[in-house]
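Okay, so here's the structure we're looking at.
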There are 2 protein chains.
Amino acid sequence: MEATGIVVEYNPLHNGHVYHAQQAKKATGAQLVVAVMSGNFLQRGEPAFVDKWARTKMALAAGIDIVFELPYSFATGHAPVFAEGAIRLLEAAGCSTYCFGSEDGDLNMFKQSLELIDHSKDTYEHEVKLAVQDGLSYPMALNKAYMTLNETGNGAADLSKPNNILGFHYMQAAKFIGSTMKPVTIQRLGADYHKETLELGEIASATGIRNSYFSSSSLDQTNDFVPTMTRELLVKWQQDGLRFGQWEVFYPYLRLIILRDGPEHLTHIADITEGIENLIYRAAKKHSTFQPFMQAVKSKRYTWTRIQRMLTHILTGFTYNKRSMMQTPSYLRLLGMTVNGRAYLNEKKKSLRLPLVSKAASLLDPALAMDIHASDIYALGTGLPTSQDYSLAPIIENHFSSNSFK
Amino acid sequence: MEATGIVVEYNPLHNGHVYHAQQAKKATGAQLVVAVMSGNFLQRGEPAFVDKWARTKMALAAGIDIVFELPYSFATGHAPVFAEGAIRLLEAAGCSTYCFGSEDGDLNMFKQSLELIDHSKDTYEHEVKLAVQDGLSYPMALNKAYMTLNETGNGAADLSKPNNILGFHYMQAAKFIGSTMKPVTIQRLGADYHKETLELGEIASATGIRNSYFSSSSLDQTNDFVPTMTRELLVKWQQDGLRFGQWEVFYPYLRLIILRDGPEHLTHIADITEGIENLIYRAAKKHSTFQPFMQAVKSKRYTWTRIQRMLTHILTGFTYNKRSMMQTPSYLRLLGMTVNGRAYLNEKKKSLRLPLVSKAASLLDPALAMDIHASDIYALGTGLPTSQDYSLAPIIENHFSSNSFK
């Protein structure tokens, strides 16, 4: 059996994601889709809209055969770290290909970009350094340096687009680890990644779906954009009296931690650098709600996302020291599978390159302990029970990759 | 001008407290009453019902002339520490007497108790040790040892009563520091210290008043038991949309801190001993509300109050290390005064034995920093603005010790 790997967050899963999963199979000719999915905290440094178990159910109903959790350390890392963690897991899971969405669906453009940077490594790194010294944020600096190399416009990818950036880093990581997986890219469909509103048509962005809920406290507007399973699980979340994850919900806790621990303690937290702990402390002292707090912390030097990642680490107590204990993925944490997925894992179990973890209690590992810990912190904000990593088994979906749109 | 000192919490101030203040003046012949009052966290290890500023206003309206804040480290300490901190402040403030309520209003009984323990120090300490080894809580062990010495019943004080315990420790502390203040005791009036319900008559316990509010979410039942100023300030607190302080309000924050920091970090927190950090961690993981959490932590060995003090220190991040920096009071923090009180301070200002602090920003001191810090933590739970220690000046009450009951 051949599997293709994809990297997802499903925050929440919508029709565009279903399309992507279908296309991944079609474009690669694989029998299965294996997804590496962020847990309860995401790459933009945010708590997930709903937890990883609900999002796993959505994924299985949408045609994904196996869902592995991307450990906290990578799920909340910046693009290169996120990409490398995900690619290492897909490689360990024995995927023959990995498939990502891009603006143009043209793999050659990414190959060009990689070559371009590879051939002018020194110039590139020098330009990045200059731009950072100039006060640009790291992603902006990368893009500026890249633009300098790419001034001829010779058909390389546009790395100012979020999907392209991730795609580029997947390919860079695959090359770096000597992956045997073949890359495949498919053209994105529908709304922009960060599109903040919902518009007519059946493809929306996850951001748009979340914003629609948060601005109206109702899921009614989102119905047309998500599969039945997503709709049902979101309604159930609401009926169970749970809070949908967003910073506004977690900010009172974050604020208390910041004020309690004080700026000196914050310097031990991963990603906190250059005295930003003082700015964070003063802003938390002053502002009782999240948006004004962020406005007070934000600057040209720090992207919104980078600050949110710091805040996530403050909330979960993720220190530089902890991060140093989990530099590379050390297990494949199974969140769910279809019967197809189970057959695949049975076939591959001897050749998987990392231990397969179905029960959280079965492995003592600092990164797994961190995933469990992060889920408990997430549970306190949303109202979920704690210790679900121990009490819940992987979800088994009893269908053969049915993937109808609704 | 002669002042008498009293030690108070006013949580909240009720008619019994007004009576006590009047009697203190009468019994001592003093022109003024100086109160040392706990800040926003109290001796039983609880957040105050309303903040120290509101409680200072209540005190001034009820006939107290000067209110000093008992620093956090002493306010949340067990009886001997609480008493010593308070007595040292009253001594530093130049009071000629200090006055406390007791069951019988008979000072000789306390003198007997002190002598009894003094003369049989070794036996007493041996008995305390045995009782603790036997599994008794510390206050229970003290009382048992004392009962052994006092088996003849020779007219010493009954140290199983909360007011008597504190009185005993005031006198012990005064002796220990070589205080020149004369002790005076007056008989308590009205409801038991811990009486949990309100009954007819105009003297209730502060506990009864708080419980009446918490069980009905209404202040109506409490009107007959408190002076006008208390009533008005409690109503204002409610109208301002603030939450009345109690553990139930702070528990979600406490729980997040416990889960985030984990048992190892908790061992640095003041008063955490003998592995109770594991019990606290497990209980927090399991219980989403305060009472079941406490039931899970409580044992014969640990009194409810002792556990609550640990929790207060966890909430505020008060470590053994911090406590070691504030072993003895180092300033007189003025929260409020009447014009009478101001005249007294003007008269005494050269002879005060500790620096008088009217503005928090005027003194860099770890204990003062802790008071300010604790107030910020308190503010987050109740909904108050942060940094009020800097923004508010001492309250000045423009009357001459009017102390009418209503």
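Just so you know, glycine gets a Cβ as well, placed from its N, Cα and C.
Features reported for this protein in TrEMBL:
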type: BINDING; residues: B:7-20, B:Gly101, B:Asn163, B:Arg188; note: ATP binding site
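Here the binding-site residues are B:Tyr10, B:Tyr19, and the one with the most other Cβ atoms within 10 Å of its Cβ is B:Tyr10.
In the three-state DSSP classification, B:Val7 (ATP binding site) falls within a strand. Cβ contacts within 10 Å of B:Asn163 (ATP binding site), excluding its own Cβ and spanning all protein chains shown: 18. Summary: among the binding-site residues (B:Val7, B:Leu13), the fewest other C-beta atoms within 10 A of the C-beta are counted at B:Val7. Its Cβ placed at the centre, B:Gly16 (ATP binding site) has 21 other Cβ atoms within 10 Å.
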